[in-house]
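Before anything else, here's the structure in question.
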Amino acid sequence: MKREVYLDYAATTPLRKEVYEAMKPFLKEKFGNPSSIHHFGRETRTAIEEAREKIAKAIGAKSDEIIFTSGGTESNNMAIKGVAFALSTKGKHIITSKVEHHAVLEPCHFLEKLGFEITYLPVDREGFVDPDDLKKALRKDTILISIMHANNEIGTIEPIQELSKIAKEYDIYFHTDAVQTVGHIPVNVDELGVDLLSISAHKFYGPKGVGALYIRKGTKIHPLIHGGSQENNKRAGTENVAGIIGMGKAIELAILEMDKEIERLTELRDYFIREVEKRISDVYLNGPRSNRLPNNINFSFAYVEGESILLHLDLEGVEVSTGSACSSSSLEPSHVLSAINVPIELAHGSIRFTLGLYTTKEDLNYTLDVLERIIEKLRTISPYKQEWKINKKS
């Protein structure tokens, strides 16, 4: 019997009922502008500051180090461009990695057009940045290092503590895109040793269109948006009050349930990986088996196109992704899989399954059954099998 199974939690998560209830008053009755000094304004200002405190507490920061944004993309842009513009007289060299989200890579490409030099660090076959490669890439004019906390496609959790120590030795700012980790695994800015950290609410059952950037006190950064004095003069514009309230409630719930969810999702993840590898031949796990996000699974299925698998799964009620949801409409192979040296034929056959709060073992068993049938069907009609074998030999 067909059932609906959502396995694309890395792309976005459903809004929790408790979060919606917390937001509702600020969508209608509590409508005051937080910059107004009358009662309606003070009411929303107080609520925003309470939410800011929740976000700060969740990552071990101070509340005045949290700047609310429109989401992870803006937070990444603000961190990278903001530091670049603030320190351009000191240096114009930035270091990042080849497996970053496009919300980091594209700001770097933009800065290259303005005369900045960007070093894109390689990664190993599991997606890890080598600290020695970072050391070798350092220059006297390096002003920023930006390495993601965990990869959105293959789940690799990077050794941020080790990498940030290198940055500190040379007095270089360190930014991490923690969009996939905040609310899912423990994140503490002091333990990580970072100066800037990006967050997105809709990745942990909060609303879309709201996020935050942690900026360590004393970090020099220029605002991207100019206007009013909101967000400590760092991000102008009337705040998204309901969104911020929802984000605060979502992170509060995520932290309360984190330990239990890590254990549950890790068990489900490992079960799914074992079953896929047992039932289906010529399948390859992309990314590491340990030091991996508890909800992330990425497989390459030989001889078939990932898009065909995705569409057939969709017809069976199973929702998955072929990579980052922000660029999965592209026909180009994933830049992440290319960076870990996955052959192009296998990269085109990749599917990402990401689990979440409402994923059950029954969901996974249903998915396994339909996936097995789909792969078998697609391989019987695939024109790629012989071609792939020829390319593999050459």
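From the backbone N, Cα and C atoms, a Cβ is placed for every residue, glycine too.
Marked as active site, cysteine persulfide intermediate by Swiss-Prot on the basis of sequence analysis: C326. Positions annotated as pyridoxal 5'-phosphate binding site by Swiss-Prot: G72, T73, N152, Q180, S200, A201, H202, T238. Positions annotated as [2Fe-2S] cluster binding site by Swiss-Prot, on the basis of sequence analysis: C326. According to Swiss-Prot, the feature N6-(pyridoxal phosphate)lysine maps to K203.
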Out of T73, T238, which of the binding-site residues is least crowded by other Cβ atoms within 10 Å?
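If we count Cβ atoms within 10 Å for the binding-site residues T73, T238, the smallest count is at T238.
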Quick one: largest C-alpha distance among G72, T73, N152, Q180, S200, A201, H202, T238, binding pyridoxal 5'-phosphate per the record, in angstrom?
30
What does DSSP call Q180 (pyridoxal 5'-phosphate binding site) in the simple three-state scheme?
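DSSP call for Q180 (pyridoxal 5'-phosphate binding site): coil, neither helix nor strand.
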Using Cβ atoms only, which residues of the same chain lie under 8 Å from Q180 (pyridoxal 5'-phosphate binding site) while being at least 6 residues apart in sequence?
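Set apart from Q180 (pyridoxal 5'-phosphate binding site) by at least 6 residues yet with Cβ under 8 Å, we have A10, M148, H149, A150, N151, N152, K203, L293.
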Which residues, sitting 6 or more apart from H202 (pyridoxal 5'-phosphate binding site) on the same chain, put a CB under 8 Å from its CB?
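Within the chain, H202 (pyridoxal 5'-phosphate binding site) has Cβ neighbours under 8 Å at T12, T13, G71, K208, G209, V210.
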Name the residues of the same chain, 6+ apart in sequence, whose Cβ is under 8 Å from the Cβ of S200 (pyridoxal 5'-phosphate binding site)?
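Non-local contacts for S200 (pyridoxal 5'-phosphate binding site): G71, G72, S75, V179, V182, G211.
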Using Cβ atoms only, which residues of the same chain lie under 8 Å from A201 (pyridoxal 5'-phosphate binding site) while being at least 6 residues apart in sequence?
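Non-local contacts for A201 (pyridoxal 5'-phosphate binding site): G71, P207, K208, V210, G211, A212, G243, G246, M247, A250, I251.
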